[in-house]
Structure formats: structure tokens, C-alpha cells
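Listed in Swiss-Prot:
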type: COMPBIAS; residues: 334-345; note: compositional bias 'Low complexity'
type: DISULFID; residues: Cys141-Cys221; note: disulfide bond
type: DISULFID; residues: Cys517-Cys520; note: disulfide bond
type: CARBOHYD; residues: Asn6; note: N-linked glycosylation site
type: CARBOHYD; residues: Asn15; note: N-linked glycosylation site
type: CARBOHYD; residues: Asn41; note: N-linked glycosylation site
type: CARBOHYD; residues: Asn48; note: N-linked glycosylation site
type: MOD_RES; residues: Ser385; note: phosphoserine
type: REGION; residues: 323-357; note: region 'Disordered'
type: TOPO_DOM; residues: 1-67; note: topological domain 'Extracellular'
type: TOPO_DOM; residues: 131-142; note: topological domain 'Extracellular'
type: TOPO_DOM; residues: 207-229; note: topological domain 'Extracellular'
type: TOPO_DOM; residues: 515-526; note: topological domain 'Extracellular'
type: TRANSMEM; residues: 68-91; note: transmembrane segment
type: TRANSMEM; residues: 105-130; note: transmembrane segment
type: TRANSMEM; residues: 143-164; note: transmembrane segment
type: TRANSMEM; residues: 185-206; note: transmembrane segment
type: TRANSMEM; residues: 230-252; note: transmembrane segment
type: TRANSMEM; residues: 492-514; note: transmembrane segment
type: TRANSMEM; residues: 527-546; note: transmembrane segment
Amino acid sequence: MTLHSNSTTSPLFPNISSSWIHSPSDAGLPRGTVTHFGSYNVSRAAGNFSSPNGPTDDPLGGHTVWQVVFIAFLTGILALVTIIGNILVIVSFKVNKQLKTVNNYFLLSLACADLIIGVISMNLFTTYIIMNRWALGNLACDLWLAIDYVASNASVMNLLVISFDRYFSITRPLTYRAKRTTKRAGVMIGLAWVISFVLWAPAILFWQYFVGKRTVPPGECFIQFLSEPTITFGTAIAAFYMPVTIMTILYWRIYKETEKRTKELAGLQASGTEAETENFVHPTGSSRSCSSYELQQQSMKRANRRKYGRCHFWFTTKSWKPSSEQMDQDHSSSDSWNNNDAAASLENSASSDEEDIGSETRAIYSIVLKLPGHSTILNSTKLPSSDNLQVPEEELGMVDLERKANKLQAQKSVDDGGSFPKSFSKLPIQLESAVDTAKTADVNSSVGKTTATLPLSFKEATLAKRFALKTRSQITKRKRMSLVKEKKAAQTLSAILLAFIITWTPYNIMVLVNTFCDSCIPKTFWNLGYWLCYINSTVNPVCYALCNKTFRTTFKMLLLCQCDKKKRRKQQYQQRQSVIFHKRAPEQAL
């Protein structure tokens, strides 16, 4: 947009003439020009709204009517879109439970900062430009600047927090994600706002009392202590160039790590296909353990103390009869493993939506499958790397050897019967470490040697192989889903960072140039550069909608006023389910 003035001085920059050339005495940024958090002009081309003959009483500030209409219409549309977009983000977070994730808490904080800019900063700045003077008084000026700077600083701080959160989530999934809760996210968001407030609000509001006088002329509004180009440039370095550099480096690391995960997952799926035609015993690799520890130092400490134990997983099975018919039935019903509790238990304990490979620990693991009626030990050492449930010997829980001996003795009493019990509900799958004791010599011989495999019945071998393949498939599926979520989060982050860099860079380049060439930047460019920084708050909700399908569908639902319909459908569904339940209850009682 192009703004003109009837006076010889610029209506936006008091020390810039109509030809935009400074005299030597006017070196540096104009009196009314200060950086907005080191990134854009808070007086924003506000200027010394007075002509050489005295203050102007023109409410249009020397602009024509059509210029005022154009400026008011354009900036009003931008402010309205900013307000509506960020309100949609906040309301969507409130009404849609699927959006209440840790990632979106940071986006919610960013939306609050953008909403403040759209409601307060944009409109006051538009009035400032149109009237060519600040007509609301000194207190309103200082409050506006304080709110504007705090909200903008909070936006940058939130972007930094989001970048670090994504980086640690991908590079340290086990250690960081265990601590990554909504409470911790709230603390980080609170710190971002508190730091922003402490950095800017006291200095803006009370600087005139610190120095003993107010040097901002009447009719102008700018930060008193940011009047020198060198100070302005210093704040730009600290507030824009450094954060952008840090965020760019973090995003590059996130991108490389995501690409690495994609290749690993492709190899994992390929090895899973080969495993279906081979034995389920594979060489081990790195990372996951059922105890969720990943620090090798802790593992070595447990090894030095020579503590041994095992991790138990239980699953429910059907009644088992040791007959050929039952064996044939079990052999043909591989799909029944899809719905048992073992799959769910291992799936939940071995992987989650927000867990990935984070440890470089290399170890050999063994699974001991003990079935009632048989003391056969199935050695399944060297499970596949990050895909299977791996239990380092040093990380297993401590178990008293006497209790283990009692358990073996109890199982032996069942063996004396010569047959399986007619029905049982629990089968223990025990992940055991080597125990160098005479009482468990049979266990030690099979676990301690990674190549020894005792003869198994056809039934046991089939069940064990199915179990291993099902577990592998489920963990692979979990990892694939987790990778998809990470990619979506990375896409949202990349869109936000790209919008931030595009909208904030032009003004900060002008700040850099103005430090060395104070007459090179036209006043109109200062205006556009500052407004472009404000437009970042307008673009952010669009980034959320483009990169997140849940946000997009929720926005559509809110804009079309479909919230009540969705609630009614949900209530009707719950009522139907309640009626069905009450109808079935008497029948089951009979």
C-alpha cells in the first residue's frame, strides 16, 4: 500500500523526507521507529504526526478518502480473518477431544497469541496509520506496545518450544516421551508467556520512570529505549535471527531422523515378510525392552549386582484337550490369536503411539514358553531388533530363586498326571534371564546357550511361531502408525516455520540494511514489512487446517454449525446402545 502526506515530512517516519533521504543529522532509524521484539516496527512507521506549522487536526492524517477506505478495508479484512481463524482453533480444541494432544496444546498457546494480535494490535496500528498520529494518550500507547511485544515474543517462544518438543520426541522417544505430559506442556507454555512478559512489559511501561523523563513526543507512540539503530539491530539478532537459525537446524535434524525411520520401517516390513517362511528365531538388534529402560549404565549396574528376574505376560486361552482332534483344531485356527489378550498385552507394553526406538543397547534375549503339563522350554533367543519384544538380561526384574524352584516343582506335579488339564485360563509366557543355579539347570542350559533348541511338539512349535509373527506384525503396525503421526506433526511444524520465516524476514532485513544505510528503505516498505509480520498471525490457522485433517474437519463442522447435529447423533447412538443392553440383560439372566 502507498501512503502519502501533504507535509514535507513523512507521515510515517518523521525524519524521512518525501524523497526518503536523510541528512547526516538524521542518521539512524527515525525517532518513531522501533523494532517489534527485534523483528518489526512497533511505531511502525508511526511518525511525528505534526506538520512543520504545528499539529494537524485532519482526522484522515493527510490521506484522501479513497486511500483511507482502501487501507481500512484491507486491514479490516486481515484482522477479521485473523480473529475468526484463531477463534476456530481455540473452539476446535475445546469441542473435539481428538485434538487434545500435547502437540496441540502448543498450537493452542500460539493461537491465543495470534488472537491477541488480531484483536488489539492490528486495529490500533491501522488507526495509527490512518490518523497519522496517536490520539489515545500515553498510557494507552504503552499498554498497546506492551501487549503487542509480549504476544509477539510469546509466538516466537512457542515456536521454539514446538521445535524442541518435536526434536526430542523423535530423537529421544523413550526418555523424553515418558515425561511428555499435558501438565509438563502447560508448564512450558506458561514459562514462554512469563519470560515474554518479564522481558518486555516492565521495560516498556516503566522505562520513563527509570530514566526520570518521557522522551516520546505527544502524538507519537514508540518504545522509548529502542531509538538507536544499533540497539534495534541487536534486538533483531537476539529475537529473530537466532531463533530462526535454531529452529531451522532442529527441523533439519527432524527431517533427517524421519527419513531414517522411514527406511528402517521399510526394512522392517521386508524382514517381516521373510520371517513368515523362516524360523522365528532371528539375530537381535537394538532397542526395546519390556521394562521400558534404555540406559545402558543402569543395565551394567544390575549386571554387576547379578540380579536375575523375569517379566511375565499372561494371556487367556480356550480349554485345551490333549487329543489329535484338538491339535488339528488349534492348528487350523490361527486367526484366534488375533483376539486374545496376549496380543493386546504385548502390543500395549512393547509399543505405543508415541514410542519409538531410542536405545543403542545390544543384547541377547530369550523367551521361555512353559505350558502346563510339559516342562519343555522353547528357546527363542536373538529376537529381531527393534521390532520384537526384547528383554536385556540386566534389565529384568529381580525374582527370588526359591520362588522359581517352587514354581517349577508345582508344574512338575502337573506333569506327573501325564496329560493336560481339561481347561485352564492362563498360560504364562516368561521372559527369563540366565540363572546359574543347580535348581534351574534345565533353564540355564537353554537360555545361556543361544544356539541350543530342544525338540518341540508340532503344536507348541506352531503356536510359538504364530505368536512371534503376530507380535512382530502388531509392533510393525504400531511403528508405522507412529511414523505417520510424526510425519504429520513435522509437516505442521514445517508449514508454521515457513510462514514465520516468510512473513518476518523482510522487516528484519530492512532493520539490518538500515543499520548501515539509513536512507535506503522507503517508508512504504517499512509499513508493508511490519504488516507482513502481523499477517503471520493470519496464516497460522490456515497452516493447521492444511496439515491436519482433524483440524480441517472440525473447522468445517463449526463453520457449518454442525456441532449440535453431531451431539444429537451421539446421544441417539448412546440411547440405542442402552436399550439394546437392557433388552439383553434379562435374557442373559435366564
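Every residue gets a Cβ built from N, Cα and C, even glycine.
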Rounded distance in angstrom between the Cα atoms of Cys517 (disulfide bond) and Cys141 (disulfide bond): 29
Just name the most isolated of the disulfide-bonded residues Cys141, Cys221, Cys517, Cys520, going by other Cβ atoms within 10 Å of its Cβ. Cys517
Any contact, the transmembrane segment (105-130) to the transmembrane segment (230-252), with at least 3 Cβ pairs under 8 A: no
Beyond the flanks of the transmembrane segment (143-164) by 6 or more, those residues with Cβ under 8 Å of it: 36-37, 39-40, 42, 103, 106-107, 109-110, 113-114, 116-117, 120-121, 124, 136, 188-189, 192-193, 195-197, 199-201, 204-205, 221-223, 239-240, 243, 246-247, 250-251, 493, 496-497, 500, 533, 536-537
For the transmembrane segment (492-514), distant same-chain residues with Cβ under 8 A (at least six beyond the ends): 28-29, 35-36, 38-41, 103, 107, 110, 159, 162-163, 166, 229, 232-233, 236, 240-241, 244, 247-248, 251, 254, 520-521, 525-526, 528-530, 532-533, 535-536, 539-540, 543-544, 546-548
Per DSSP, Cys141 (disulfide bond) is which: helix, strand or coil? helix
Just the number: how many Å between the Cα atoms of Cys520 (disulfide bond) and Cys221 (disulfide bond)? 23
